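Asks: I'd like to ask you about the structure that follows.
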Amino acid sequence: MSSSTVALADADKKLTQFRNCRVLRNHRLVEDDVWVRGGKIIDPEKVFFDEKRQADVQIDCGGSIVAPGFIDLQINGGYGVDFSFDVETVQEGVLKVAKGLLAHGVTSFCPTLVTSPPETYHAVLPRIPRTAGGRHGATVLGCHVEGPFINTDKKGAHPPECIKEFEQGMATVREVYGSMNNVQIITLAPEKAGAAEVIQQLSNNGITVSVGHSMANLSDGENAVHHGARLITHLFNAMLPFHHRDPGLVGLLTTDNIPRDALVYFGIISDGVHTHPAALRIAYKTHPSGLILVTDAISAMGLAEGRHRIGQMEIEIRSGRAYVAGTNTLCGSIAPMDECIRFFKKASNCSIEYALEAASLHPARCIGIEKRKGTLDYGADADFVLLNDELSVKSTWIAGECVYQANGVDSNAL
């Protein structure tokens, strides 16, 4: 056995106790300890009674909140990287963003590709495999492919010349994307001809189907849910506005014309720009169990004002907002996840617990990984974030290892 194998085995046996903290469990903050071994959250009672062991390492959390690591299901890039445009360097780009996200408490994410030509998908998707997180960066859960099967009338910042129809159903989907092994979420417009059959097949293959960039009425949305769709992409943005006679996709939040066991989730951009605080409150009070905070962040997140690139288009940052260059069309957020959480908490007046779960437990449930991510239950991955009472990130942990620590934070009192 090599020395490196022995070291890994020792690390798996090491028992770490995080104490003096308030832990988010069962929708409540409770004064408790977190015990970690082998990269997992463990039940300390079994250790005490079955193994008669004490902690090898104790970490004083200094009264911090310990919450599950944040999960971002929609992020187009950041720190100068655009997943849809930087084709030849996309692997390095994903790593750069994955590393940068750690400072904002994000431990897992879905790199998102906007509407692009088929050759872009064929080149990029195989280069973004699902990857475990660590010191190098957040976990890659699979790609979110936003387009090209969307409605031209609600294209937003997506290039219209790249938008496609389901001409041959799933055969067209496979032709456009190539291999979908690395795809976790697909956003499409459910009113398109042939969409229902495509949604059914994608859902049967384990891909989360999201409806968005769409002119769909409520009936179109309900039909999509009956065929397996479970998510709405950035609620209120790039869809028909709510109307009392036909509420459109927004109506999926309250409809009773879908299967009883079908919980519809919705991403919402809480950056102070894309969604008015009153709209955030409406969504929260109407359907709290389905709300998922997403950043929809673009390459300019973390960069200065000026012109940058998103997918096939040039964008411009003005006064803290991102626009399609030369227009007033919003094209993505530049607010990181921890900032979105703080803004949402203030705008909605929700509990701290809810705001944190909207960025962790809810997205995990949406894509079916809630047993291992988005929770601090026993047996889950030890991905968590330590925060102060203002919900600023003090440190970020993946598989029980500290992967980010804020400046000025005492490592002996995290």
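Placed from the backbone N, Cα and C atoms, the Cβ positions cover glycine too.
Pulled the feature table from TrEMBL, pasting it below:
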DOMAIN    65-402  domain 'Amidohydrolase-related'
BINDING   E146, H213, H234  Zn(2+) binding site
BINDING   A157, N237, A238, R245, H274, L330, C331, G332  substrate binding site
ACT_SITE  D296  active site, proton donor/acceptor
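Looking at the shown structure, what environment does each listed feature sit in?
Replies: Within the same chain, residues at least 6 positions away in sequence whose Cβ sits under 8 Å from that of H213 (Zn(2+) binding site) are E146, G147, I150, N151, K154, K155, G156, H158, T187, A189, T233, A238, M239.
For D296 (active site, proton donor/acceptor), the same-chain residues 6+ apart in sequence whose C-beta sits under 8 angstroms from its C-beta are Q74, I75, N76, T112, H234, G267, I269, D271, H274, G332, S333.
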Asks: Taking the centroid of the Cβ atoms of E146, H213, H234 as the Zn(2+) site, which other residues of that chain lie with their Cβ within 8 Å of it, listed in sequence order?
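Replies: Those within range, site residues removed, are Q74, G147, I150, G156, H158, T187, S210, G212, T233, N237, A238, D296.
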Asks: Out of H234, R245, which has the highest number of nearby Cβ atoms, where nearby means within 10 Å of its Cβ, if these are the binding-site residues?
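Replies: Sorting the candidates by Cβ neighbours within 10 Å, the top entry is H234.
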